[in-house]
Amino acid sequence: MPIFTLNTNIKATDVPSDFLSSTSALVGNILSKPGSYVAVHINTDQQLSFGGSTKPAAFGTLMSIGGIEPSRNRDHSAKLFDHLNKKLGIPKNRMYIHFVNLNGDDVGWNGTTF
């Protein structure tokens, strides 16, 4: 049930048409989760400042039940930053990604919890 949320000040018109599908595939791959459980949400056109500048930037959160752990987050970070830089043109030094490991009992789905 990975959820990747990205807040960015880039315009919606600058997001490639395949961004959601390619990001979903990447998240499923790096976390070894089925694509049918992956959710991706991008909030564009945000009023956002990074380092005192409003040049292109982003703040993201990757949440998952499992797969998020200190020994793997550096690799997750490298792959996500490469992807976001390539797809959206945001410099790697103008993004933060917060990794959150969730307990299945704290996540609702289909009328129950995991």
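Glycine is treated like the rest: Cβ placed from N, Cα and C.
Some features that Swiss-Prot has for this protein:
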- P2: active site, proton acceptor (ACT_SITE)
- K33, I65: substrate binding site (BINDING)
Q. Just counting, how many other CB atoms are there within 10 A of the CB of K33 (substrate binding site)?
A. 17
Q: Give the distance between the Cα atoms of I65 (substrate binding site) and the residue listed as 'active site, proton acceptor', rounded to the nearest whole Å.
A: 7
**Q.** Chain-internal residues near the residue listed as 'active site, proton acceptor', provided their CB is under 8 angstroms and they sit 6+ positions away
**A.** V27, G28, L31, K33, Y37, V38, A39, L62, M63, S64, G67
